[in-house]
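*Asks:* Starting off with a structure, shown below.
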Amino acid sequence: MSFRGGGRGGFNRGGGGGGFNRGGSSNHFRGGGGGGGGGNFRGGGRGGFGRGGGRGGFNKGQDQGPPERVVLLGEFLHPCEDDIVCKCTTDENKVPYFNAPVYLENKEQIGKVDEIFGQLRDFYFSVKLSENMKASSFKKLQKFYIDPYKLLPLQRFLPRPPGEKGPPRGGGRGGRGGGRGGGGRGGGRGGGFRGGRGGGGGGFRGGRGGGFRGRGH
């Protein structure tokens, strides 16, 4: 099972009525409304966090400047072309919004969350750096920060317990997934962020094409 959302929302990058659709309106972030088994990240619900269009949510817009406070997001692992790969170390494994600004401790913005991959409770993210930043300028385990309002609890993406009622979980964030390396890009069975195509297990699979599947390199 993969990180496939459902409903009318999700993470729309380009328009249409929802889904984690990166430009069109048909092949979108699919899935069931009410959760299900397997410990995967399932989207759902209305809204979501789009890059442009959709039904509202965290849309890409003009930067509003640094937040009032920042909290720890993760640590630098290694560069990847012009981006950087980091280990997520948020409190309680909270998940950052896609495209959320990433800061140094002094609130200087270095870039934005670009991809997420790894296991559900042990995941990584890449940062698309700002034009004035160089991937080679960061040190191993250097810490990065985020606006606490740009984080969602992991529970938003887990299956709902049997018998629990309420709106579908998900509709939260995602990342393009896809595999930038890091300490465990694919992960084993049982749930996680997968960068490759096909395979068993489940969780954050990223990339182009229909659904939130692997982008490859």
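Here the Cβ of each residue, glycine as well, is placed from N, Cα and C on the backbone.
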*Asks:* Test of record reading: of K87, K107, K134, which one does Swiss-Prot tag as SUMO2 cross-link?
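*Replies:* My reading of Swiss-Prot gives K134.
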*Asks:* Neighbour count, 10 Å Cβ-Cβ cut-off, for K134 (SUMO2 cross-link): what number do you get?
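*Replies:* For K134 (SUMO2 cross-link), the 10 Å Cβ neighbour count is 10.
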*Asks:* In the predicted model, what is the mean pLDDT computed over the region 'RGG-box 2' (169-217)?
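*Replies:* Mean pLDDT across the region 'RGG-box 2' (169-217) comes out at 44.
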